[in-house]
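Trainee: Have a look at this one before I ask anything.
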């Protein structure tokens, strides 16, 4: 039984056994404190989320109460989006729970029927993500990602700059295919093991020096301090590089991160409504995203080398460590080799997953080669998409055995013992690793995007944004890039992409600019979250390791926030524009009354 009492400043929560009068009863083992003292101020502060949840709908009521009947539907759709934006930004409700709000608000406000809203939550883009996540879960389950990571580190060696480059490359590559969060969690554990080995070697060398030379003189103390500072900088560089590489790696592939899929769904909707096919596929994404992501990763690596390792000029040379440190580096190399050796030879299950995943990527890339062919041409036009091979290979993870059935390779012997045949992946394993909340977030984005189009809100926003027609489009794109980059530091990447895509699509059409010109870079910019621990799960994971302070992430991340946007604009203006023709406005948008009714023909 729990009794609660209070005075002017504090609230006391007292836990008592409900059978305290029965002396013969068994004692109750309770790990919680008997008396918990809570400050009244903290108690009231803990209710902030209730205030946000209750007050936000009330504060935004004038959005549609003061609007004329002509624009009521648009206003009510805007009201729903405004309430969700506040909930998403403050996280007063879990982000996934907020994403379910359209199912309640849009029908209640008369914007869409409940059937219409619910039907858009699960679509082809979601199925693409499901298949990709199933394959990624199999990779994690059988530690294929860990084998790849240790193999690369074994090849690059433990010299600080080489080690840093290896960590960046491995994290960047893995985050292209599996969850950024899972990649970060695995890589930060490897980094901490490496740092522990470096620290142990440093302490051992210091002990040996004392034994040989007695008490250290001031010069030696100064040397030790410099070595300690160098170790701290190396720790920060390796730790931050894991988070930054995971964020950047998601840009490289279509399924790398949530905002990419939000862009895919939004572009499909925008282009299909004017009778066109969205040019974004898995293969075409690689043309724009892979070189951009690699360039961003190398820029980040150079910055880590200069800022933390203090190598002037961003030296790429990996073999410039002093001779005195060769012994330490060789010992760390030995540790990496030992860890890789512990994994043993590649198992049948790991080999099966590697082959299946490779074939899945090949199927994604070769389905549609940007309009110049692909295996999808063997089937009726428009019937297949990237979700088809995604789900096929996802199902195979539950079909392929995790070991070779002995009954198929040996003679049957009823006296012999056999191991149970199990598939590469079970539903329980998938259930633990699947990011279910992200599906609700994507679905909520599809719902409000659909509502904004059907209600006419997107058209109305496009009218208001015509004031920017006189502004140079590249300068405007730069401004949008910085707005999104800094907004994503305090808001979910997928949430900010969900809010921005319908607005940018209509704005592009209103300004007679290819919709992808603004949408594509803005979606990519949501991954430029480098400054704050709360910006992305990878940032939070590395910050919780205890190696970093907030100021470390802010000072190093601010430079990356500033420099990554111009690199993004460069990619858009060069190879992105050469392939996607961002500078050409399709005429079909001018002929479509739904999306471009406000556009005046010249």
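Heads up, residue numbers simply count up from 1 along the chain you see.
Glycine too: its Cβ is placed from the backbone N, Cα and C atoms.
What TrEMBL lists as transmembrane segment is 47-67, 79-100, 120-139, 180-198, 242-265, 285-309, 346-367, 387-404, 438-462, 474-504, 516-536, 556-580 (among others).
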Trainee: Taking the transmembrane segment (387-404) as the first stretch and the transmembrane segment (346-367) as the second, find out whether 3 or more Cβ pairs fall under 8 Å, excluding pairs closer than 6 in sequence.
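Mentor: Yes, the transmembrane segment (387-404) and the transmembrane segment (346-367) are in contact.
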Trainee: For the transmembrane segment (474-504), find every same-chain residue at least 6 residues outside the stretch whose CB is under 8 Å from a CB in it, and list them.
Mentor: 81, 85, 88-89, 91, 95, 257-259, 262-263, 266, 438, 441-442, 444-445, 448-449, 452-453, 458, 461, 468, 515, 517-519, 521-523, 525-529, 531-532, 534-536, 561, 564-566, 568-569, 572-573
Trainee: Where else in the chain does the transmembrane segment (346-367) make close Cβ contacts, counting only residues six or more beyond its ends and a cut-off under 8 Å?
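Mentor: Contacts with the transmembrane segment (346-367): 131, 135, 138-139, 142-144, 147, 177, 254, 281-283, 286, 374-376, 384-386, 388-390, 393, 396-397, 400, 402-404, 424.
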Trainee: For the transmembrane segment (438-462), could you work out the same-chain residues 6 or more beyond its ends whose Cβ comes under 8 Å from its Cβ atoms?
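Mentor: Tertiary neighbours of the transmembrane segment (438-462) are 71, 73-74, 76-78, 80-81, 84, 95-103, 106, 111-112, 116-117, 120-123, 125-126, 129-130, 258, 261-262, 265-266, 269, 273, 492, 494-495, 497-499, 501-503, 505-507, 509-510, 594-595, 597-598.
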Trainee: Using a Cβ cut-off under 8 Å, which residues of the same chain at least 6 positions beyond either end of the transmembrane segment (242-265) come close to it?
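Mentor: Residues packing against the transmembrane segment (242-265) from afar: 123, 125-126, 128-129, 132, 167-169, 171-177, 180-181, 183-184, 187-188, 191, 278, 280-282, 285-286, 289-290, 292-294, 296-297, 300, 304, 364, 386, 390, 438, 441-442, 445-446, 449, 493-494, 496-498, 501, 519-520, 523-524, 526-530, 536, 538-539, 541-542, 557, 560.
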